[in-house]
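As written in TrEMBL, here are the features:
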- 23-483: domain 'Major facilitator superfamily (MFS) profile' (DOMAIN)
- 20-45: transmembrane segment (TRANSMEM)
- 57-75: transmembrane segment (TRANSMEM)
- 113-137: transmembrane segment (TRANSMEM)
- 149-168: transmembrane segment (TRANSMEM)
- 174-197: transmembrane segment (TRANSMEM)
- 209-229: transmembrane segment (TRANSMEM)
- 249-266: transmembrane segment (TRANSMEM)
- 287-306: transmembrane segment (TRANSMEM)
- 326-344: transmembrane segment (TRANSMEM)
- 351-369: transmembrane segment (TRANSMEM)
- 381-405: transmembrane segment (TRANSMEM)
- 457-479: transmembrane segment (TRANSMEM)
Amino acid sequence: MSVQTAPPVAASARPPVKNLSLLLVAVFGGMFLALLDSTIVGTALPRIVEELGGASLYTWTVTAYLLASTITVPIYGRLSDVYGRKFLLVTGLSLFLLGSALCAWSPDMVWLIAFRAVQGLGAGALIPLSLALAADLIPVEKLGKMQGLLGVMMGASMIGGPYLGGVLTDNVSWHWIFLINLPVGVVILGVMLWALPKSTRDRSVKVRVDYAGIAVFALAVSGLLIGLTQKSAVEAGTGELRDWSDWQVAGPLAAAAVLLVVFVLIERKVAEPLIPLGMFKSRAYTTFNLASFFGAFGMMTAMVFLPRFFQTAHGVSATDSGLRVYPMMIGMVIGSMGASILITRTFRYKALLAGSAVLLLAGTVLFGQLEHGTSPLETGIWMAVIGLGVGPMLSGLTIAVQGTVEPRHIGLATGKLSFFRQIGGSVALALAGTLYIQDVEDIAPARGLAEAASGATGSVLAWVGGIGAAVMLLALLAAPGGKLTLRR
């Protein structure tokens, strides 16, 4: 995840705190909860759907969280400049904990999706404002360690999330993947309330939040996702999947297209747009965000559908499925760390990032051969290849964009990488969910559910992930080359 951070604060301007070390543990703990909730759900989803029903809504439990957390980041960032970090951080964490409690209570998939969105509304504050607060409180010479800590937490959430989700699902219940946030979160909330200096409103700062743009963009993306979800729904009475011309499919898709046009018109007029269209004149900005958007196709489809494959096709436990995806998660961590080291030492990125796109493309296409009888060794190798392809995208793109865009645009460009990655992941999951259900419907009657789940998973990764990786590769090949200018 790429996160835009605030500039460091001079020592004389840093607010006094009661216990800086304890406060930073709490602040970064809240950030870790938000990161963990993006990975812990995947291994529990098959059990959740088994109990709550709503298989056609499978991917929405992830998508709702991603979309809500992504679109609220700019709102929290702008408002914190006026109302202070404490008020917005406490508000965000409280929303996150409320959403967690409600998710555990959910009686069906529709309610779970709604409450995952509430969780996401809170999570949108935890990562960017935690980093901004750290920049307010930590001396500039120690900010590098802060970024290193963020990398460690990302790695821990990637590796620990799937396994923890499986363990809780198998040994207690899936409800505890959400309830586990409450005791930890309440302690963190108490430390924040006690140790953070009181927020004071800065009336000299004029807040300019693109509320209209954010609302229209969220509605447009939601319309797209709803249309794709309806395509995978079964028509009552006929038992057939809905056609693209069905009004429940075509209507939301048409509305999404109209709203995207309205969104562009809004962005051309507002002072501080959600997506500054003028930035797309920069070749680096355009190609890097395209790579971030489409690279998420392979990453998110693999993270969500591979645990489902292991549980549905092979009947393994949620815990076992969490362990089986480790080759991919470890590959992601190694790829991310390796890319950071190589790019900062050589000051060159293009060949490495293009190579990572080739690995991602190869890994997703290899999954097109997936069958029920495919050996664990083969799937493990394919997952490792995907992980090594995804990892450099998480860190390398951030370094590349910071070293190629104009200095005054570094913060904006860095923040948008994460934005486009999350939106790309949301779109990919909707496409993948539709394709998965269609394939299962086609294959299962003749060959059984296990073979259908295997074939559908292979199709999802090969087509959605593969096409995304191919576009990512083309975008990176079109990106500017040469040596980076890494600004410290």
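From the backbone N, Cα and C atoms, a Cβ is placed for every residue, glycine too.
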For this session: For the transmembrane segment (381-405), find every same-chain residue at least 6 residues outside the stretch whose CB is under 8 Å from a CB in it, and list them.
Result: 1-2, 151, 154, 282, 284-285, 288, 291-292, 295, 298-299, 302, 306, 325, 327-340, 343-344, 347, 349, 352-353, 355-364, 366-367, 413-414, 417, 421, 465, 469, 472, 479-480, 484-487
Problem set entry | Within-chain partners of the transmembrane segment (57-75) [C-beta distance under 8 Å, separation at least 6 from its ends] | 34, 37-38, 41-42, 45, 48-49, 109-110, 112-114, 116-121, 123-125, 127-128, 209-211, 214, 217-218, 221-222, 225, 229, 274, 300, 304, 308, 415, 418-419, 422-423, 425-426, 429-430, 432-433, 436
Problem set entry | Same-chain residue ranges lying at least 6 outside the transmembrane segment (287-306) that approach it to Cβ under 8 Å | 2, 39, 42, 45, 58-59, 62, 321, 324-325, 328, 332, 353, 357, 360, 363-364, 383, 386, 389-390, 393, 397, 400-401, 404, 413, 416-418, 420-425, 427-429, 431-432, 436, 457, 460-461, 464-469, 471-472, 475-476, 478-480
